[in-house]
Amino acid sequence: MSIEIEKILAASPATTRGQPTQLSTDPKGQRIAYASGKSIYLRDIDNPSLCKQYTGHTTTTTVAKFSPSGFWVASGDASGKVRVWDAVEAVNTKGEYSIISGRITDLAWDGDSQRVIAVGDGRERFGHCFTADSGNSVGEVSGHSKVVNAVAIRQQRPLRAATVSDDSSMCFLHGAPFKFANKAAEVHKGFVMGAAFSPDGSVLVTVGADRRIQLYDGKTGEPTRQVGEGVHTGSIFAVSWAKDSKRFATASADQTVRVWDVEAGKCVQSWRFGEEGAVSVPHQQVGVVWPHGRSDGLIISLSLNGDLNYLIEGRPEPARVVQGHNKSITALGAASDGKGQTLVTGSFDGRVCSWDIATGIGSVVDGQTHSNQVTQFAPTQGRIYSVGWDDTLRILDESANTFAGSSIPLDAQPTSVTATNGTVLVATHKGITVYENDKAVSTIPAESTPLAIAATHPYLAVGAEDNAVQIYKFDGSSSKPRKGDTLRNSTAQISALSFSPDGKLLAAGNSSGKIVVYKTGSWEVVTDRWSAHTARVLTIAWNSAATHAVSGGLDTNVFVWSLTKPGSRVKAPNAHKDGVYGVEWVDADQKVASTGGDAAIKIWKVKGLQ
């Protein structure tokens, strides 16, 4: 057996309210780079399901920038480290450099792809200039008294750089080596968020929280004029130039992206997001990039909720919106039809997305979603039931891709949900509630807090804190099952349960990483040799033939197990940083989907099943 990655459905860019999010595209305009979680993603712009994930950082990433040559990427993280690595495979790291003692907010390359300036929130210093291949110092960033939000380097000689800060000033550096030349302190009246040199190097533009767009001379750094006074009605977070140096785009908290003509000083096009006339915080525009090397006039903007909006000059509506998760995915479910072509994912912030496996396209599920972490999904008969930490049970209509009806309140925080033959069972800290036709019909009081449940008619398995799996059985038309066998093979708390699709086998995973398989009915042990996880087993899924199972755990690994050869297993190591929270068989059991703490979905090819 073998397992290899087929594609990565990337996480959305991580965003923070009130802060700009940096986006970068390669010189050909084919790929976009951004930070999310502890990873950096390089995504194909035209086909977002083509993606490389760089996992070299050990802490939360903040920014990634392509070099002008397109061969390298520099990325920064929250601990003040910058890593330079290859943009082709996103594996080979050229160097890691500690720059400042706090978060890196922005990076800029010079035109030769040799020097990098990194800025951020330090203690003694707020940035540094260094060579990309060795980390040697090539100047200093000085003149600021607060966090530096953005940096830009002129791509022509003589080299110039500009840094902008929360201290309301723009500092102009001459290079190389870069050193402080002059400062524009009286121009902006608030936090300065973004700066960019025009591609021909003649103009510098800065934008800020005071809604001001200011132009400067690109060689001297002298302020020249202001553009578009009073047009933006919210903080301007980002600015990006067109390749012709005649226009630039701005992104603002007033939910708009605007294109400006430099010579005329006027806005020539604008796009507004969210409902007309309504204030919508998730639709604030916190990032924008105008990819060079393209002929279609594409501009990509980023909403606070993580959506990437594809805007084309001349068109009033976005050509495309790329959606996904930018918080840890905590739940994964497959559509109830069993074909393995559609997945649903739920994340830590309550967002639920539906994914088409073939195209790799995700879309946010409409309707009233969870307001907190999604715990688990249970598909049955064209619907998917979900429970979350907002203590509700919600119903997702698969055909309409929307939440149907109103939510069903639960009496305590849910730990698990399962469904069989139209009956839905929800485990909470107080016990298990049985629902029929979306109404509670009976409850089973818990002797020990239930952590995982699974059902296949007529059995219900409950894994609890007391290390045991308690079996219940539904008799006839009674909605309350009677208590049956107790399985006490585990030496740790039961954390995951899964019946095979034919109902003949039950897999039980525990918090020490061991999985035991039982035969339904007699409850004898089929195998107890599935024990390669080194931490809590979080999820188990059977293939439709019930010959193999896949599991994911807190140890970040995915394992594919064989029932006939329990000792032979295949491992996908470090599948998801911070743990694997969901696994499913997809595409007629030829592939496995996994998801986890890095908010990405990975599709794995599984070959040679034994």
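For all residues, glycine too, the Cβ spot is worked out from N, Cα and C.
Annotated features in TrEMBL:
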type: DOMAIN; residues: 460-544; note: domain 'Anaphase-promoting complex subunit 4-like WD40'
type: REPEAT; residues: 54-86; note: repeat 'WD'
type: REPEAT; residues: 185-226; note: repeat 'WD'
type: REPEAT; residues: 229-270; note: repeat 'WD'
type: REPEAT; residues: 322-360; note: repeat 'WD'
type: REPEAT; residues: 487-528; note: repeat 'WD'
type: REPEAT; residues: 530-563; note: repeat 'WD'
type: REPEAT; residues: 573-610; note: repeat 'WD'
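Long-range Cβ contacts of the repeat 'WD' (573-610) within its own chain (Cβ-Cβ under 8 Å, at least 6 residues beyond either end) map to 1-12, 36-39, 41, 53, 55, 324-334, 339-341, 343, 345, 347, 355, 357, 362, 538-545, 547-548, 550-558, 560, 562, 564-565. Within its own chain, the repeat 'WD' (322-360) is flanked in space by residues 7, 9-15, 36-37, 47-49, 305-308, 310, 369-384, 386, 388, 390, 396, 398, 401, 403, 501, 539, 544, 578, 581-589, 591, 593-601, 603, which lie at least six positions past its ends and keep a Cβ under 8 Å from the stretch. Counting residues per DSSP class in helix, strand and coil order gives 0 helix, 45 strand, 40 coil for the domain 'Anaphase-promoting complex subunit 4-like WD40' (460-544). Same-chain neighbours of the repeat 'WD' (185-226): 20, 149-156, 158, 160, 162-170, 172, 232-241, 243-245, 248, 250, 252, 260, 262, 265, 292, counting only residues six or more beyond its ends whose CB sits under 8 Å from a CB of the stretch.
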